[in-house]
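Lifted from Swiss-Prot, the feature list:
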BINDING   Asp34, Asp88, Glu160, Glu162  Mg(2+) 1 binding site
BINDING   Arg47, Arg72, Glu160, Gly245, Asp247  DNA binding site
BINDING   Asp181, Asp183, Asp247  Mg(2+) 2 binding site
COMPBIAS  410-424  compositional bias 'Basic and acidic residues'
COMPBIAS  466-482  compositional bias 'Basic and acidic residues'
COMPBIAS  502-517  compositional bias 'Polar residues'
REGION    1-106  region 'N-domain'
REGION    124-267  region 'I-domain'
REGION    350-358  region 'Interaction with PCNA'
REGION    368-517  region 'Disordered'
Amino acid sequence: MGIKGLTKFIADAAPNAIKEIKIENLMGRVVAIDASMSLYQFIIAIRDSEQYGNLTNESGETTSHISGLMSRSIKLMENGLKPIYVFDGAPPELKGSELEKRGEKRQKAEELLKKAKEEGNLEEIKKQSGRTVRVTRKQNEEAKKLLTLMGIPVVEAPCEAESQCAFLTKYNLAHATATEDADALVFGTKILIRNLNANASSANQNKNKNSSKRGYILTEINLEQVLKGLNLSMNEFIDFCILCGCDYCDTIKGIGSKTAYNLIKEYNSIEKIIENIDKNKYQVPSNFRFVEARDSFINPKVLPKEEVKIDWCEPKIEELKNFLIKDYNFNEVRVTNYINRLLKARKVTTQRRLDNFFTACTKKSTKLVIEESQSQSKTQKEAKSKRKGKKRDAPNDGAAKLNSKQSKKTKVEKEPKREKKDEEAPNGEAHNGDNNEDEETPGMGARDPFDTDDEEDNPSPNFFHQKSDSESGNVKKEKTEQEGNATTAGDVYNYPNGKDTAGSNTHLSSNSTLHSCNNVGSEKAPNEGMHTVGSSAPEAGTNHVGINHVGTNHVGINHVGTNHVGTNHVGSGDLFPPNVADCANNNADKAQPEMKKKNMLFLLPYCPKNVTNVKKRKSVQRC
């Protein structure tokens, strides 16, 4: 049974719905297989090489179907598939006329076969032998017994095997339907697999020149993509297939797949097509039972989900040996080899199914992977450009736009290596260092985790803390204590010559970090060798301007909004003293050279009378 010309039409009109796959792509999947179609293939393919007759045992009974079914099932399981074989039940009444036509064709083929044997024409014998093949009820029962002894599930459909397979995919009991009949799509199977045979894997892997001619390329057709590509609803697709030609009713003469598609697109249903087409050009059959055919596709006779029993059982080894060796005269060595492969294949199927379960959750489409790769590459390039000193605009604080000038790179003498020294934070926790890089700062860009250019990305140790073992994880931060208490919200970073003390009434937001840096050495700077946190820092809502780090021109971490410049967090609103912008503009380009390599801008809310830069020894006057 099938739909005339459907596969070729889909390949032309909806190419994205059809793709060639490897048998490994079905690893861990449950596949519902049309058993009658498989047996038909085995009986045709496995024949005596001399007279193209069926393989038989000593009693003359055909064994081609048993040999083929056992071999293919083991091969599929070795590749990680879990097959379910579905057998045909009684044929539907609508198919009666089609079965009569098939009987007439078979009778004619038998006459031609007899004539070819008399003439000794081997080519004609081979051709007509395939046309006379018929799967008997006895062969079906033998196949069911073999599968049961192998521990493979068997489902007996009340009517058509294709429709039952399709509904197993609808019940989510199977991933796909494996059959050569395209009408499984019309019954609603989600995925249709064609050419699922023991040679498919080798054809896909080796791609030898004869594989495609022999039809060994494994093909997958996706129903959702078919409907999307054809731009049809499911009901329109069913009517389109009926017009193309099915086994349930006759067709309108003169209408092929292309004409049928155009008519469905224009009129949407067979009823409207019959009303509007030219009756002289297109001959509608007098007994055109398209309504019944449509109902057979939409509401086929199938087992409901609760009545479907799929049992994966352990193989019955002794009974299987007796069935093959005693009843059908299979070679004992060959049978032993098959059984050993079967037992190993069952383990492979279980293991690969579990692997597939875990990997399926993280699998990404090719398109998504490409987009992420391009985005990541773009981010890396932008980050490197910023680190190399390209001009950037500082965020606007609401009063004036802050700009930093590019200065020439100057060589800086290396500072003496700092000693590792732990100091206890105000909250009782000691931290040797943390970059506090939990969030990206728009002002300076995120650190590229994939970049290994240490010379560019690691400035002089005079300006950044030494890293400790704790930097590999997130450092725990406590919330700010009540206003008026000493600063407890930030982390303290230890430097060899610096020491931090917190003044009274100093307020930090919960994200603030107190950086202790090397002493600058200004004569008039208070507490030489130490940095103090100014008291009574002005407040703006919950945003606080306080900590003046004179040593390295750090403006005490101002968390306002989400905009950040360097390590100074600047947001919107007039939240700084009037002299902040002027001070920043006057002194921005006098920042230390190593910091300017990173294109950082530092703001000084309170300018000391005389502050001397580390290397240039130039004074910065009060704003």
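Cβ from N, Cα, C; glycine included.
Confidence for the region 'Interaction with PCNA' (350-358), expressed as mean pLDDT, is 49.
Around Asp34 (Mg(2+) 1 binding site), taking its Cβ as the centre, 26 other Cβ atoms fall within 10 Å, counting all chains. With DSSP states grouped into helix (H, G, I), strand (E, B) and coil, the region 'I-domain' (124-267) comes out at 73 helix, 15 strand, 56 coil. Around the Cβ of Asp247 (DNA binding site), 23 further Cβ atoms fall within 10 Å across all displayed protein chains. For the region 'N-domain' (1-106), DSSP puts the residue distribution at 55 helix, 18 strand, 33 coil. Rounded to a whole value, the Cα-Cα separation of Arg72 (DNA binding site) and Asp181 (Mg(2+) 2 binding site) is 19 Å. Of all the Cβ atoms in the protein chains shown, 22 others lie within 10 Å of the Cβ of Asp183 (Mg(2+) 2 binding site).
All protein chains included, Glu160 (Mg(2+) 1 binding site) registers 28 other Cβ atoms within 10 Å of its own Cβ. Non-local contacts of Asp88 (Mg(2+) 1 binding site) by the CB criterion (under 8 A, 6+ apart in sequence, same chain) comprise Ala35, Ser36, Asn140, Ala157, Cys159, Glu160, Ala161.
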